[in-house]
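Working notes, structure below.
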Amino acid sequence: MKTNDVMLQTVTKVVTFIILMFAVHIFFAGHYTPGGGFVGGLLTASAIVLLMLAFGIRTVKKIIPVNYVVMTSVGLLVAIGTAAASILFDVPFFTHAYDYFELPLFGETSLHSALLFDVGVYLVVVGVTMTIIQTIGEDE
Amino acid sequence: MSLVLLIFLPIIAALFIPLLFKKVGQIHTGWFVLLVPAALFIYYSTLLPSIAEGGNRVSELQWIPSLDIAFIAYIDGLSLLFSLLITGIGALVVLYSIFYLDKYREQLHNFYVYLLMFMTAMLGVVQSDHLISLYLFWELTSISSFLLIGYWYTRDRSRFGALKSMIITVFGGLMMLGGFVLLGIMGNTYSIRELISQAPELVGHDFFVWALVLILLGAFTKSAQFPFYIWLPDAMEAPTPVSAYLHSATMVKAGLYLVARFTPIFAASGTWVWLVTGIGLFTMLWGSFFALKQKDLKGILAFSTVSQLGLIMSLLGVSAAGFHVENATEIALNYAGFAAIFHLINHAVFKGSLFMIAGIVDHETGTRDIRKLGGLMSLMPISFTVAMIGAFSMAGLPPFGGFLSKEMFLTGMVALTEFDLFSMDVWGILFPVIAWIGSVFTFIYSFYFVFHTFAGKHKPEELPKPAHEAPKGMLISPVFLAILAVVIFFIPNIVGEWLVKPAVAAIQPFMYDSPSDVHVHVAAWHGYITPELWMTIGIFAVGGLMFWTLRKWQHQYERFPNTLNSLYDKGMFLSDTGANRFSRLYMTGFIRSYLVYMFSFLIIIVLGTFVLNDAFAIDMNNLAPVGLYEIVIMLALLGSTVTILFSKSRLTAIIALGAVGYSVALFFVIFRAPDLALTQLVIETISVALFLLAFYHLPQISRKEERMRFRFGNAVIAVGVGVTMTLVALAAHSGKALPSISEFYKETVYTEAGGGNIVNVILVDYRGFDTLFEIGVLGIAGIGIITLIKLRLTKKEGQHENK
């Protein structure tokens, strides 16, 4: 099934980065405006899926040599670790902490431990989505 | 030192075993393990003086305070005796196993982890004062026994034996849990001590007999009483150190412990006395009778253990009868409780040594088949001596410990004939008769075990390995136990003072206030005229005669069918095939059938709840106006849904399905839910891509026009689901039982959670637990898909493990 997909490939090269940037934005903006780890993860996954559709699974696997199963487990560990870390401070499981910091370049920034938890969610979503798609896609 | 934590010491030590096995491979892992029971044994020994005076120790560790469940270690005479047995025999068995299990070929890390796990479980059983934690430890003993029997898991027989023991003992454990719960309801407490103190009030309760029977089921399955004993012979597939430890000295005695522990509560009931004494005595006869049928050395010992457990069980039953007699402390009945505990100690000593000898014979000759063995006496003189001492003690010959307790057993049984409650005056005479016959067979199989292995003609050509004496290290433990069997004969009253009497006082608090009240003096010689002396002489005479002629009549055993075992096998087979057939009845393999089940249940459950709670509420007020956008999107939604159903190609169906998802996303946009809309859009995109990927692998839809038949049932379900969901939506809108929670979120999202986007803050903070579990489920789904696609278990069909 060899078809001419020059157009798809050319567009993908640009669009993928736009989607990825958007994913990062959505992920960080999530706490105050629409977005969050879940959507961010899905968007990232969709960018990778787009690459796969345009260039084929094997090529993408060479470009992004990530083991998605490991990624999922790391995500789960980060999420559980964030939730459990509160025990060390003698507050109930899953208590979040946040404060405002003066950072260079960003100015006054709110940093929230929920973001760490969201990183876990993000990793799990990307990991599982890509695991599923890769496994089914590769199956002969 | 906290006694509760000591219970957990072995299982904590177990955590380091795999590490030690991997890193310090040149030293046998057993040496490290040995430290644990040895240290515990020494510590428990230091408690002896205060406990022997009638004291006790309590220590508590909260487990689930909200449910009032705690680990309470309560040590009195009975608990301490068992703890010493567990750690003492445990240390000897570990020492023995160091020479029995090869450090290079065996998976020692598994073995010792299970063994230490068992040690914790068993200590927990005998020390727990709280019924629920007692149950927890009880099941843990079943599990570790399962793991140890199945230690050589590549053998069919091991797995079979492990499963059999697990099924039977866990069945009993569950019954026992039921009994515990009933006791808890009756006494409004789960503490055994408090239950004992309310014993007189409990007797009249409706649940009393139920609790009694259920708890006895637990005890009888664990202690291999008739008809549940069938798991014990199959458990002999375990490595011999395990058989010596779990299946003769400790775990199977957990049932005896349970009966002893609950005697103060249940003794008032005639049912208890009859059941415990009767089943125990019958088991004793049954086990000793069938021990002679066995050809496997360990098989003989297994049946002998069944029989001996029955003997102790019956003595415990008789000791409960002491509750019903005014002057129980003065008549012969008072021997029963003492004899039970005394024989329990003796049995642990001689049976432990006999099992170790069976293991040595197996290890050094390569077989346990008694038909191939014989004449090992000159080749293995030390083993022979130990086996002889153990067997003679078991047969009740002087000068070994078993003689004394066997005498007292007969005394107790004879005393029952003078007992005139519960129609014992009619049937009482049966007890000494059965006890006597059982003892005769015990005598014969003890001799059978020793002399058919060590005497007779040596048959080197039948043995897989040339026989020779075991290494010294392997002999230490059995020799030590054999010496103990002799020593006990000469100092029975010292043993009685320190170990037996404190335990007896715990079993029969209705007779004795403190251990010093137990006026039992053990003597080897009671005088000429006692009936038990003549019974003993009779046993020796008849037993000796029958052993002499054993070869003439032993083949008659082949006439007895193996009813109980074939019953178990049939039951297992039927439940296996029956469950399989039942599952195949509704598991059609078609998703459409499963959808029918799911949707039907959805309708039944939701509509059922509606009807039960009278929740039908239709309130059309406060509805938002339906605008042009909504109508257009609705039409698109309906149009694309219908397209899926009628499309001829898969590609069309997939694209139409995507259109459904996008229309829903547009609804979210209109209803000002940007988060949902965004997520929905991305999900739709990815799932369409996924469909396209999977699409590649699917077969072509056949070109042949095939008209779908109209199915009335499906139509009803389809309409039903639609109606149900509409009703749910309307009812949710109309009848608001509680004020909406969104106001709370609006107020607190910035002040409490430090965020602005409520949806996301709910996900990561307010309901973070949900998200945590959801991503857990996602991970599981990923693993599931990998297993489905990558592993392809279907290719290996026909490799069912039981075939």
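Glycine too: its Cβ is placed from the backbone N, Cα and C atoms.
Curation plays no part in TrEMBL annotations; they are all automatic predictions.
TrEMBL lists B:6-24 (among others) with the feature transmembrane segment.
The transmembrane segment annotation in TrEMBL covers B:31-51 (among others).
Confidence across the domain 'NADH-Ubiquinone oxidoreductase (complex I) chain 5 N-terminal' (B:64-111), taken as the mean pLDDT and rounded to a whole number, stands at 90. As annotated by TrEMBL, domain 'NADH-Ubiquinone oxidoreductase (complex I) chain 5 N-terminal' applies to B:64-111.
TrEMBL lists B:111-128 (among others) with the feature transmembrane segment.
What TrEMBL lists as domain 'NADH:quinone oxidoreductase/Mrp antiporter transmembrane' is B:128-422.
Beyond the ends of the transmembrane segment (B:166-187), by six or more residues, the same chain brings 131-132, 134-135, 138-139, 142-143, 145-146, 194-195, 198, 201-202, 205, 207-208, 210-215, 217-222, 228, 230-231, 258, 265, 572 to within a C-beta distance below 8 angstroms of the stretch. Under the heading transmembrane segment, TrEMBL lists B:166-187 (among others).
Per TrEMBL, the feature transmembrane segment maps to B:207-232 (among others). A Cβ distance under 8 Å defines the sequence-distant neighbours of the transmembrane segment (B:207-232), meaning residues of its chain 6+ beyond its ends; these are 138, 141-142, 161, 164-165, 167-169, 171-173, 175-180, 182-183, 185-186, 247, 251-256, 258-259, 262, 266, 269, 271-272, 275-276, 279-280, 282-283, 286-287, 302, 305-306, 309-310, 313, 564-565, 568.
Residues annotated as transmembrane segment in TrEMBL: B:299-323 (among others). Outside the transmembrane segment (B:299-323), and at least 6 residues removed from its termini, the chain residues within Cβ reach (under 8 Å) are 223-226, 229, 232-233, 235-236, 243, 247-248, 252-253, 255-256, 259-260, 263, 266-268, 272-288, 290-293, 333-334, 336-337, 339-340, 343-344, 347, 351, 354-355, 358, 370, 394, 409, 412-413, 415-416, 419, 421, 424, 431, 435, 438, 441-442, 445-446, 448-449, 504, 507-508, 510-511.
Annotated transmembrane segment per TrEMBL: B:373-395 (among others), in sequence order.
If you look at the transmembrane segment (B:533-550), the same-chain residues 6 or more away from its ends with a CB under 8 A from one of its CBs are 292, 395-397, 406-407, 410, 414, 432, 436, 439-441, 443-444, 447-448, 451, 526-527. Sequence annotations record features per position, and here TrEMBL assigns transmembrane segment to B:533-550 (among others).
Outside the transmembrane segment (B:594-612), and at least 6 residues removed from its termini, the chain residues within Cβ reach (under 8 Å) are 586, 588, 713-714, 717-718, 720-721, 724, 727-728, 731. The feature transmembrane segment is assigned by TrEMBL to B:594-612 (among others).
Residues annotated as transmembrane segment in TrEMBL: B:624-646 (among others). Same-chain residues lying 6 or more positions outside the transmembrane segment (B:624-646) and placing a CB less than 8 Å from one of its CB atoms are 652-653, 656-657, 659-660, 663-664, 666-667, 670.
Annotation comment: TrEMBL describes B:636-700 as domain 'MrpA C-terminal/MbhD'.
For the transmembrane segment (B:710-732), same-chain residues at least 6 beyond its ends with a Cβ under 8 Å from one of its own Cβ atoms are 596, 599-600, 602-603, 606-607, 610, 615-619. For B:710-732 (among others), the entry in TrEMBL reads transmembrane segment.
Residues annotated as domain 'MrpA C-terminal/MbhE' in TrEMBL: B:711-790.
If you look up TrEMBL, you'll see B:772-793 (among others) marked as transmembrane segment.
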- Query: In the domain 'NADH-Ubiquinone oxidoreductase (complex I) chain 5 N-terminal' (B:64-111), how many residues does DSSP put in helix, strand and coil?
  - Reply: 31 helix, 8 strand, 9 coil
- Message: Just to be sure I understand, if DSSP states are collapsed into helix, strand and coil, how many residues of the domain 'MrpA C-terminal/MbhD' (B:636-700) fall in each?
- Response: 54 helix, 0 strand, 11 coil
